[in-house]
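What TrEMBL records for 558-570 is compositional bias 'Basic residues'. Residues or ranges marked as region 'Disordered' in TrEMBL: 558-580. Summarising the annotation, TrEMBL assigns transmembrane segment to 59-79, 91-112, 137-166, 178-198, 210-229, 258-278, 298-320, 352-374, 394-415, 436-462, 482-500, 507-530.
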Amino acid sequence: MQEPEIFEQPVASKDVEAVPVGDDHHTYQTAYTYQTNNTAEDSSLDDYHDFVYPEDRKLGTWSTAFLIINRVIGAGIFSTPAEIIRLTDSVGATLLYWVLGGIMTFWLFVYLEYGTALPRSGGEKVYLERVYRRPRYLATCIFAVQFVLFAISTAGSISFSSYMILANEPENRTPDAWVIRGVAITALTGVCLIHAFTPRLGIWLSNGLGAFKLVLLSLVVFTGFAALAGRMEKPSPGNFKSFHGEGTVRDDKGNSPAGAAAGYALALLQVLYAYSGWENANYVLTEVRNAPTTLKRAAPIAISIVTVLYILANIAYFAAMTKKDMSESGVVVAAVFFQNVMGKTTFVTKALPVFVGMSALGNVFAQSFAMPRVKQELAKEGVLPFSRFWASDWPFNAPSGAIFLHWLVTTALILGSQIGSQSGSAASAVSQISTLYTFVTNVFIYTGNWIKLFLAVGLLYLNFTPSERWAEQRTTFRSSPLLTIFWIASLLFVLGAPFIKNNQLNAIPYWVVPTLGTSMLAIGVVYWLVWAKVLPLLGFHIQHEIVQMPDGSERVKYKRVKPKRKKRRSTGVAKRPSVW
């Protein structure tokens, strides 16, 4: 089979650029400038606008920090401690894992090196394209498949819905699964509409919910101090008398799941899940004011705050709850914690679920702001089917098309989730929230760890390959190679651990998540073969263009073009085909 032609060298785009309005603040026209070069031979996908965000729309240091905090702190810190203590059966080991998780989260310095050297929206997509240039387009296609299908807000939406219903349903009444789905979709729809039609309000609400999460976690911490001082409704659990604490956690059959390698490995995965989202700001760097400097300040501030609060919150839990109470509390750890300290008050049964639900909603706000920005970048480049539609920014200079794509995939998985239970109390229904959505979230995290592994190896390659000229491109910020090597070793452990036999998802075999997560790479390769190899066989070729933005930044765009037929000169030598 003849190898299809792919144009290797980028060309300057002929698209009309957005131009600044003549004022001293360099704001830009409210309407974007349309692409105008769609001709018979240029079957461009792009009818979107190129837009440079005005300075008053960009994120400062604290807005960027809250964007990270809001993404990291969701419902995880109020639910995952139950699973972690169940898997370790050790108070000391659990606390050490939360410290280790915070330390491992500082591998964000690798992302800081990438982000300060390549300060534009897109996150991993931009960095993969910088490192893995051959085979051309392969890294972009793999990332596109993984991100579009699994970078969604299913978990946060259902968590918000479940906690809201828990606060309003009688204790002995089981919430209907379709009610949970309906509230989740309604909340998601409201968040997406706010980001699409009132983007500035979306940023304010996201910042506000981020601040609220800090207040809520601080409340847990200070309540824990009260428990340590003996001000509790129940007797002290005595968890700090020994490294392992009092008692032993056992399942329904009387067996302890802790001690095996799989138990400790999966506990670490749960900790890392609770810390996930620290890369959120890298997705929207085009919308960050003075991106390299702001990112270097905001990311460490955000992660330091989260790490300290997470460790103190877990100390608070152990100050008021026995290991057995915590392991059996499921996703309502915080509710049981406050009940042990304050008693079964209206605050515990009604107000607290609302607070935790609002924390989950903040996570949805952060995801629905950042993730569609990456999907829009993929659409602008023509990588996705129907890219012209998903790249739309109508009507208020927000990625409305990509937000709709985010809403669409998230809603489909909410509707497909098995939510709720057929019998039992509202609390038991919340504790059984959708094995399917947990499964989908784990697949996304697992596949994302493959992407992070590629980036870590790629950074070592850039730093130790002079021909890449990475030292000239990056700023003064550089991550330590030792930290990058530690990151690689950690990721290899996280990728290998799920293959150890376990019963984390009772309804699904343990090997399904890592197998499917790894298979997503193969699906990306298949998509690349169709997009970059099969379509050229049908007469189209791929041309990547460099679009120069008015603020000096650049964007890559891929086009399928149909070259003119070659005309032979009188000498019999063929002319070079033109992409125009």
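Every residue, even glycine, has its Cβ placed from backbone N, Cα and C.
Small disclaimer: the values here were computed from a predicted structure and weren't measured.
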### Summary
Near the transmembrane segment (178-198) in space but 6 or more residues beyond its ends, with Cβ under 8 Å, are 153, 157-158, 160-162, 164-165, 205, 361, 364-365, 368-369, 372, 395-396, 398-400, 403-404, 406-407, 410-411, 414-415, 417, 419-420, 429
### Query
Counting only pairs 6 or more apart in sequence, are there at least 3 Cβ pairs under 8 Å between the transmembrane segment (482-500) and the transmembrane segment (91-112)?
yes
### Summary
When counting C-beta pairs under 8 angstroms to the transmembrane segment (137-166), the leading stretch of 91-112, 210-229, 298-320, 352-374, 436-462 is 352-374
### Message
Within the same chain, where does the transmembrane segment (59-79) have neighbours whose Cβ lies under 8 angstroms from its own Cβ atoms, ignoring anything closer than 6 residues to its ends? I mean 6 or more beyond.
### Response
155-156, 159-160, 163, 203, 206-207, 209-211, 213-214, 217, 273-278, 280-281, 284, 287-289, 294-295, 297-299, 301-303, 305-306, 309-310, 313, 330-334, 356, 359-360, 362-363, 365-367, 369-370
### Message
Check for me, if you would, whether the transmembrane segment (91-112) reaches the transmembrane segment (436-462) - at least 3 Cβ pairs under 8 Å, residues 6 or more apart in sequence.
### Response
yes
### Task
Rank 298-320, 352-374, 507-530 by Cβ pairs under 8 Å to the transmembrane segment (436-462) and hand me the top one.
507-530
